[in-house]
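Enquirer: Structure in structure tokens, see below.
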Amino acid sequence: MTTIGVLGLQGAFREHVRSIEASGAESVVVKKVEQLEHIDGLIIPGGESTTMRRLIDKYNFLEPLHEFGKQGKPIFGTCAGLILLASEIDGSYDVHLGLMDINVRRNAFGRQRESFEVDLDIEGVAEGYNAVFIRAPYIEGVGESGKVLATYNGHIVAAQQDGYLACSFHPELTEDHRMTAHFVKMVEESKKSLAL
Ligand code: GLN
């Protein structure tokens, strides 16, 4: 069975567990570094990236999360999680994990549009996908080996690069589990290739 962890330091982690299980994999909330050894992939949830970073430092997660990604185990960053994965934030190189070659802008849709829902077409994943945005970042640019999966109003809101998947919206808050199911598939494939 494929097991996908959800980083449970802060934010919307419980809803991700439900979405992973609805997509046919096992899920566990990760609160301790040792748990990373027992999972095949990881979701970094939405929340507040600066708060989450403070907790990542407090519980010594930074280096182990970095190692996890470098081993080739997939990581899916949603909303604040996307910010944590990025190699560049708001045009500065002051970053958190810096694992994924994307340039992100925080709270990018403006205060007047704090939260909203739209139907998105996500390449190779879903058409008419019910996407919920909450104080969302967007991706300004994706590196050469990355691929844009979805845009909204001309801004990139989902991307993939090797084992890294990132989206601006919250895939765990609705009954539309197709984005999570896409990540589950990525994890199953990586598990097979890492076992070879
Ligand atoms: N605005 C938050 C941040 O900058 C992200 C919001 C979210 O995860 N819903 O971290």
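Note: Cβ is positioned from N, Cα and C throughout, glycine not excepted.
Got these off TrEMBL a minute ago, pasting:
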| type | residues | note |
| --- | --- | --- |
| BINDING | G47, E48, S49, R106, I134, R135 | L-glutamine binding site |
| ACT_SITE | C79 | active site, nucleophile |
| ACT_SITE | H170 | active site, charge relay system |
| ACT_SITE | E172 | active site, charge relay system |
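Thinking about packing and proximity, how do these listed features fit into the structure?
Expert: Neighbours of G47 (L-glutamine binding site), defined as other CB atoms within 10 A of its CB across all chains, total 22.
Every protein chain considered, the tally of other Cβ atoms within 10 Å of the Cβ of C79 (active site, nucleophile) stands at 28.
For H170 (active site, charge relay system), the Cβ neighbour count at a 10 Å cut-off comes to 24, with all displayed protein chains included.
All protein chains considered, the CB of E172 (active site, charge relay system) has 25 other CB atoms within 10 Å.
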Enquirer: State the Cα to Cα distance, in Å, between R106 (L-glutamine binding site) and C79 (active site, nucleophile), rounded to an integer.
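Expert: The separation of the Cα atoms works out to 9 Å.
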Enquirer: Whole-number answer please: how many Å between the C-alpha atoms of G47 (L-glutamine binding site) and C79 (active site, nucleophile)?
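Expert: Approximately 7 Å lies between the Cα of G47 (L-glutamine binding site) and that of C79 (active site, nucleophile).
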Enquirer: Anything from the recorded positions E48, S49, R135, E172 with its Cβ under 6 A from ligand 1? List those in sequence order.
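Expert: Correct list: E48, S49, R135.
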Enquirer: Would you count the other C-beta atoms found within 10 angstroms of the C-beta of S49 (L-glutamine binding site) for me?
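Expert: Counting Cβ neighbours of S49 (L-glutamine binding site) within 10 Å gives 25.
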Enquirer: Cα-Cα separation of R135 (L-glutamine binding site) and E172 (active site, charge relay system), in Å?
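Expert: Computed Cα spacing between R135 (L-glutamine binding site) and E172 (active site, charge relay system) is 16 Å.
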